[in-house]
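Trainee: Feature annotation from Swiss-Prot assigns active site, nucleophile to Cys109; the stated evidence is sequence analysis. For Cys202, the entry in Swiss-Prot reads active site, cysteine persulfide intermediate, with the evidence type sequence analysis. The feature ATP binding site is assigned by Swiss-Prot to Gly7, Leu8, Ser9, Gly10, Gly11, Val12, Asp13, Ser14, Met33, Gly134. Annotated disulfide bond per Swiss-Prot: Cys109-Cys202, in sequence order. Positions annotated as site 'Interaction with tRNA' by Swiss-Prot, on the basis of sequence analysis: His135, Gln342.
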Amino acid sequence: MAKIVVGLSGGVDSAVSAYLLKKAGHNVIAVFMRNWDSSLNNDFLGKKNEKNFTICPQEQDWLDAKVVAKQLNIPIFRIDFIKEYWDEVFSDLILKYQSGLTPNPDILCNKNIKFKHFLDYAQKVHNADFIAMGHYAKTDNGNLYAGADSLKDQSYFLGQLSKSQLQKTIFPLGNLLKSEVRKIANELGLINAKKKDSTGICFIGERKFTDFLQNYIPAQPGNIIDISTKKVLGKHIGIMYFTIGQRKGFGLSGMKEPYFVVGHNLKEKILYVSPQSEKKWLESDSLMAKNANFLSENFRNLDNLSAKFRYRQEAIPIRIEKIQDNSFWISYQKYQAITPGQQVVIYHQNQVILAGEIALLFRNGKKLDYLD
């Protein structure tokens with residue numbers, strides 16, 4: 001049987017993953033990753049409910065992971081990737097917010113930390129044959145597939161992994177529903193069987209987003225302007241706090257209908273908005289993506305392709321129009337609020353074949369200037 005290092009987070013998914021691998025007869029080793037230090041990383045503003053904790057949530061996760069490892073009778077170790085996370089995930093996050101983009105830190109977190117540095121560590125220190133994570137996804141010979149639980153499927157976040165990374169990775173929960181995972185944990189009496197799922201920024205956790213970003217990017221107030229009438233409707237606290245399609249949180253009151261964010265002018269610090277009745281400002285029918293990751297050699301010959309532009313979105317039909325170097329162009333029926341900086345992940349049935357970072361959007365052949 002194989003030697004497998006499991007990323008044990010303190011949550012129920014990784015705990016059940018470790019159990020299933022051990023039950024199958026594998027030599028299982030648990031490793032807890034610590035990738036964020038609030039003191040070192042100047043993380044003071046934006047913490048949620050910190051008065052309710054007698055211990056910081058990350059340290060509680062470590063304690064839970066140790067108890068689970070003891071319950072499963074497997075060894076556990078702890079490794080820090082704090083510098084790597086800052087250099088290869090968080091710095092990019094801040095840079096993109098400063099540029100008016102809406103990044104997804106989970107994409108880089110998976111690519112550079114969980115399935116790069118963690119994999120290297122597992123192979124070099126523990127001589128592991130494979131690593132395993134509690135993601136709801138499937139792998140087969142370097143191919144990536146959506147998980148059986150459509151509500152929990154995390155293949156979207158894994159679209160930038162290489163085939164070599166996927167060949168060394170096991171997802172024990174790929175064929176299970178979340179309810180089945182909870183049931184297994186309850187039957188085993190695991191300490192975290194009823195623990196709430198983790199949310200928020202990868203390895204950082206829940207934060208009050210606006211306050212949290214002010215730790216790293218000074219607030220730069222400016223005008224909120226109706227993109228059609230050019231009328232100033234109010235003031236915003238900083239462009240980086242708002243994403244395309246957002247309809248709450250920018251302080252407009254007394255309006256006849258809801259308004260949406262439809263664009264940014266970084267130089268003039270203008271936040272462009274539009275009323276709900278003018279949805280054309282949010283609509284696109286094609287896009288260009290960069291940083292392409294090709295996970296299938298035969299995708300050019302495939303029909304019935306679909307794409308997701310955000311997590312938990314239902315995939316929509318698309319057509320690949322052009323591929324050039326590390327970029328690709330796709331077309332689709334008009335769709336709203338696709339956001340520069342996010343990932344587009346393309347599927348053939350339930351297999352991920354291609355992913356990239358959304359760079360440009362178009363409507364009727366004309367480029368949409370979401371960012372000036």
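Glycine is no exception: its Cβ is also placed from the backbone N, Cα and C atoms.
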Trainee: Round to the nearest Å and give the CA-to-CA distance linking Cys109 (active site, nucleophile) with Met33 (ATP binding site).
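Mentor: Met33 (ATP binding site) has its Cα 12 Å from the Cα of Cys109 (active site, nucleophile).
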Trainee: Could you tell me the maximum Cα-Cα distance in Å between the residues recorded as binding ATP, namely Gly7, Leu8, Ser9, Gly10, Gly11, Val12, Asp13, Ser14, Met33, Gly134, rounded to a whole number?
Mentor: 15
Trainee: Sort Met33 (ATP binding site) into helix, strand or coil using the DSSP assignment.
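Mentor: In three-state terms, Met33 (ATP binding site) counts as strand.
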Trainee: Applying a 10 Å Cβ distance cut-off over all chains shown, what neighbour count does Gly11 (ATP binding site) have?
Mentor: 20
Trainee: Pull out the binding-site residues from the set Ser9, Asp13, Met33 whose C-alpha sits within 10 Å of the C-alpha of His135 (site 'Interaction with tRNA').
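Mentor: Those close enough are Asp13.
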